[in-house]
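Read the structure below first, then the notes.
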């Protein structure tokens, strides 16, 4: 190959049309003739790219077809970069004005207007703006929601509650008026009387007489209740206690004397009748005997202690002598 002359003429292959030197064209023709007779399927690079990736074969095939339509070149997306750049510059300048106003104490500038991109699509139902891909999803959903709200589809449970099927309830003040009118009507019915000629005549109510009668009835009831309460005897039931009499020398007795008294003496007996002498003497003798026995035991214990101490002292003195 190094000895080949660059000025040597080349000849095209009659099968594939490529050009070769005369020496290599003979070798190429035999190989190219064999390949032309074979019918191999063309290699699809889209399937190889689709394996092990998030892309689908249909999306890759669609891109290849678009590329073939445009002469092997992908169409560049039309972007409104100039408009976006202008919006960005306006936002930066407005923020600088706010910072300057905060530092100097000047009044704050008005907020910048939010510019909607020109390629956005406005929804005719909610008047919001979306890009083309989002508008395709949003507009059908928004249309369905608005038709559902405007149609006023009532649920099956509320069909019975229509204006024709139920009577509207009265308001708060109307209910009070109806109650007062019904009461007045019942009172008027009671006071109506029939005359001799058959005509109905209503008797006039005297409010002052009614008030006096009610007061009298209340006074009589209160008097009856107070009289009954005074006439009741004091009982020892649960929750009530009889009034205790004043303390007198005769009532100040010992516990032993109170035990010998009758079980349920009345208040008059306690005040008038003194306690029997026999019981007092017996109780006094009992109390005296009890106190004398206690003093005897104390004296005996003291004497025993003294005698024991004396014996101990004698034993100690003898042990010292011997």
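Keep in mind that glycine also has a Cβ here, set from the backbone N, Cα and C atoms.
According to Swiss-Prot:
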BINDING   123, 126, 138, 142  Zn(2+) 2 binding site
COMPBIAS  148-168  compositional bias 'Polar residues'
COMPBIAS  171-219  compositional bias 'Basic and acidic residues'
COMPBIAS  220-238  compositional bias 'Polar residues'
COMPBIAS  296-305  compositional bias 'Basic and acidic residues'
REGION    144-322  region 'Disordered'
ZN_FING   9-38  zinc finger
ZN_FING   119-148  zinc finger
Original post:
Residues of the same chain, at least six outside the zinc finger (119-148), with any C-beta under 8 angstroms of its C-beta?
Top reply: 80
**OP:** Give the sequence-ordered list of residues that share a chain with residue 138 (Zn(2+) 2 binding site), lie 6 or more positions from it, and have CB atoms under 8 Å from its CB.
**Re:** 123, 128, 130
Original post:
To which of the binding-site residues 123, 126 does the lowest count of other Cβ atoms within 10 Å belong?
Top reply: 126
**OP:** Compute the centroid of the Cβ atoms of 123, 126, 138, 142, then list the same-chain residues not in that set whose Cβ lies within 8 Å of it, in sequence order, for the Zn(2+) 2 site.
**Re:** 124, 125, 128, 130, 135, 139, 141, 143
**OP:** Averaged across the zinc finger (9-38), what pLDDT does the model get? Just tell me the whole number, please.
**Re:** 88
Original post:
By a simple count, how many Cβ atoms lie within 10 Å of the Cβ of residue 142 (Zn(2+) 2 binding site), its own Cβ left out?
Top reply: 17
Original post:
Using DSSP, what's the helix, strand and coil tally for the zinc finger (119-148)?
Top reply: 17 helix, 4 strand, 9 coil
**OP:** Tell me the residue counts in helix, strand and coil for the compositional bias 'Basic and acidic residues' (296-305), as DSSP assigns them.
**Re:** 10 helix, 0 strand, 0 coil
